[in-house]
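Student: Take a look at what TrEMBL says about it:
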COMPBIAS  299-310  compositional bias 'Low complexity'
COMPBIAS  322-333  compositional bias 'Acidic residues'
COMPBIAS  350-364  compositional bias 'Basic and acidic residues'
COMPBIAS  370-381  compositional bias 'Polar residues'
DOMAIN    17-280  domain 'Protein kinase'
DOMAIN    511-585  domain 'PASTA'
DOMAIN    586-652  domain 'PASTA'
DOMAIN    653-721  domain 'PASTA'
REGION    299-384  region 'Disordered'
TRANSMEM  403-426  transmembrane segment
Amino acid sequence: MSEADERTSDRIIDGRYRILREIAQGGMATVYEALDQRLSRHVAVKIMHTMLAQGPHRAQFEERFRREARSAAAIANPHIVQVYDTGVDQGLDYLVMEYVHGISLRRDMARQGVYPLKETLRILGEVLDGLASAHRAGVIHRDIKPENILINDRGHVEITDFGLARAAAQATLSSTGMLMGTAAYLAPETIENNEASPQSDLYAVGIIAYEMLTGTVPFASDNPVTIVFKHVHEDVPSLARVCPGIDPSVAALVSEMTDRSPEHRPDDAGKALESLRKVVKGLDRQAMDYVLPAGAAAAAASGQPESAIAGTSERAAMAPSDDTEEAATDPENSDTVPSVPAPPETDAEAATRRYRLNDVDTPSRAEATTVLQPQDPTASSADAKIVQPGAEAAQPKHRHRGLIIVLVVLLVLALAGGGGGAWWYFLGPGSYVALPKPDDVSCSENQECKVVGADFAKYARTLKVAGIQVDTAYDFSDQVAKGAVMAADPDTIGAHISKRGGRLKLTVSKGVRQATVPKDILTPETPNGKDPVQALKAAGFDRIDHDTSKDQYSMDIPEGAAISVDPAPGTKTRHDAKVSLVLSKGRMPVAMPDIVGKARDEAKAALEALRLKVSYSEDWSDKVPRNQVISASHQAQEQLHWGDAVNVVISKGPQSITMPDVKGKSQDEATRILEGYGLKVNISAPLGNLTHTVRIQDPNPGSQVKVLNDDGSPAVVTLTVV
C-alpha cells in the first residue's frame, strides 16, 4: 500500500469526502472512489503522492498543480471531466472530480480494433469540442491519449487528467530537464524543445484518429527512444495510402493535424472542429460507413512487432515497473479501467461493468508516459537505448533525408559498439548545457543550489559565455534586492537546458514597489477625496490602517471623506508601509431639546451646544411671559444633525394699545377704528340715538388697554352716543 493510501484509507478528506476504495494508483497520484457527504454523491478523489508533494521542487510543483486545478475547474464543457474541488489534507494536495461510469477509449480500442469512419469522426468531434473549451480557457492538456479519453455509459466522450498531467510536466521539465509525455502521442516540438501548445494537443488527437481508423499508431516500437525519433524525423503516413478507399478529405484533415510543423496545424481545437464539421458535411452515407478491411488492417500493422501495437505491449505485461498501477492486477478492482487492455467482453458485461477514471501513467508500456534523460556517457553499447529507426518504419520522406541517413548510420554504429558518440550528442551531455553557478551565490555542500539572488548584470555575462538563451522579465520584490534574480525556470544550478531551442527564464527584481499618497486625498470634492480608501488601494498601498472606531463626526467634511492621513498627501514610500486614515462620519446626529417656556438665553445656549443653527422671531402672547420661548420649528426629541436650522419664537408678552380718541366721531366710524385694534365695541344710547355721534368712551382716550382679557376674549370699549 502506498504512503498516500495509508494516510487516506478509511478516512474523511477535509471533513467532507469519505474514502470508499482505491480505484487506481500510479507514479503521480492515487485515485479513490469517495462519497461527498455534503451532497450525497460519489466522486473521484485524486491525491498527490508524497514524493512529489515533499520533493525538492515541492513549492513549484504544488503552486502549478493548484493553478492548473483551478484552470481545469473553470472549463465548462460536457466533454471534460468536471473538477469539483481542490485542497490540501494532511500535507497532500488533492483534487475532487466527477465520478465517471464508462470505459476508456484505450479499452474500447482493444475490444473493437478498427473503427468505422462514422464512429471515429463522432468521437473525434467530441474530443475536439472538449479541447476547444480548454484552449479558450488557456489550458493545454499536454497528455492526450486513449487512456485519458473516457466513453461514458451514454456513449459520449469525457476527457480527464487536466491539471495534474500539465503541472507534473511543467515541474519536471523546468526543474530536471527531463522530457515527460506519452511517447506514441508526443508532438515533435514537445520532444525537441519541450514546447507545448494547443497544436501539440491536436497532434495527439490526430494520432488517435489514425489509430482508430487503422488499428495501430503510425510509429510503434518497444523502444520509446525510437518512437520519439520517428515523430521528430518522419512524417505520419497519409491515411490515403494506409486506408485504401477512405475519403481524401478525411485523410487530408488527419494529415493536417499530424503535420510535423505546428504552424501547419489548425490554431487550436476550435479551428480543428470547424474543419471536421466541413469534412462531415461533404461526406455521403457510403463514405461515412467506410471501415478498413481486415486484410488492409493487417497490412497496416505488418512489419511491426506485435508488442508495438498500442495497448498490447507484452513487455509491459510481463515486466511491470514499480509504478504499474495496483488496480490493474487487483481482483477487487477488476472493473477499473486497466493499464493494459483486457480481452473483449460480451455486451452484457459491457452493460453492467462500471469503469472509473484512469489516472495512471505506466512507464513500462510503449505508449505510456516516457521519461528521456541523460545516461552515463561511459556506458557500453549494450546499455545504449537507441535502436535503428529504419528497422521499424518506412523510408522517411522529409526534406532532411540527409540528416536522417547520417543519424541512421550513427545508430547502426551504436548497435555495433560505437554508439557512445551518437548517444552523447542526441541524448547525453552533448545535447544540453548545464546551468552555470553565479559568482556571487554561495552554495552549501550536498545541498541543492539555486540561482535566485544572483546579480543579474553579472550573471547575464556568464550565461552569454555559456551560450544559454535567456527570456527576461522584471517584477517588484519585497525580499530580493533591485537588480537581483528573484525567480528562474529552471532555477537549480546544473539543471540541463537543451541546446535545441532550450531557454532560461529569469525574473529580475525591480526592488520594493513604491507608492505615493494622492495629493488630493483630503479634498472631498475630488474622486480621490470622495473614496480615500479606494484611492490608496489604487495608488498601490497594501497596509491601509483604517479603524472605524477612530472615525470622527465633522460639520464640514462629508461622510466617508478623509479627515486626516499619515503619511501626508504627496508622500512617496514603500507599498507595504502603513498608511493611517481617519474618516469623517459626517454631521453628528442630535436630539432636539425641549425649550418651550425657557428663557431666550437658556434656549440659545442649549441649541448652540448641539451645533444647531438658530434663528429667532417674536410674537405677542397673553400666556407666555415676555422673552420666553413660545414655540420652535422642531418638536422636542426630534432627531436632527449638527448644522440643522431651528427657528425659535420669543414672546413679546400680552398685546396692549393706547386707547384712541373717538369722541365726536360717528358711531360707525368709531366702531370701525376700535374693532381694527381687536377690541369689542358696546353702544350705549340712554337719551336716544338721534345724531349717531359719540359723546363718551370708556376706557378714556390715551389710557393703556390690553387687547385681550385673561380668558382670551377681546377687551370691551363702551361708546355713549346721542
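Positions of Cβ are set from backbone N, Cα and C atoms, glycine also.
Source: prediction; values computed, not measured.
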Student: With DSSP helix as H/G/I and strand as E/B, how many residues of the domain 'PASTA' (653-721) fall in helix, strand and coil?
Tutor: 10 helix, 26 strand, 33 coil
Student: Run through the domain 'PASTA' (511-585) and tell me, per DSSP, how many residues are helix, strand and coil.
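Tutor: Tallied per class, the domain 'PASTA' (511-585) gives 15 helix, 23 strand, 37 coil.
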Student: How many of the residues that make up the domain 'PASTA' (586-652) does DSSP mark as helix, as strand and as coil?
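Tutor: Its residues fall into 10 helix, 26 strand, 31 coil.
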Student: If I take every residue in the domain 'PASTA' (511-585) and average their pLDDT values, what number comes out?
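Tutor: Reported value for the domain 'PASTA' (511-585) is a mean pLDDT of 95.
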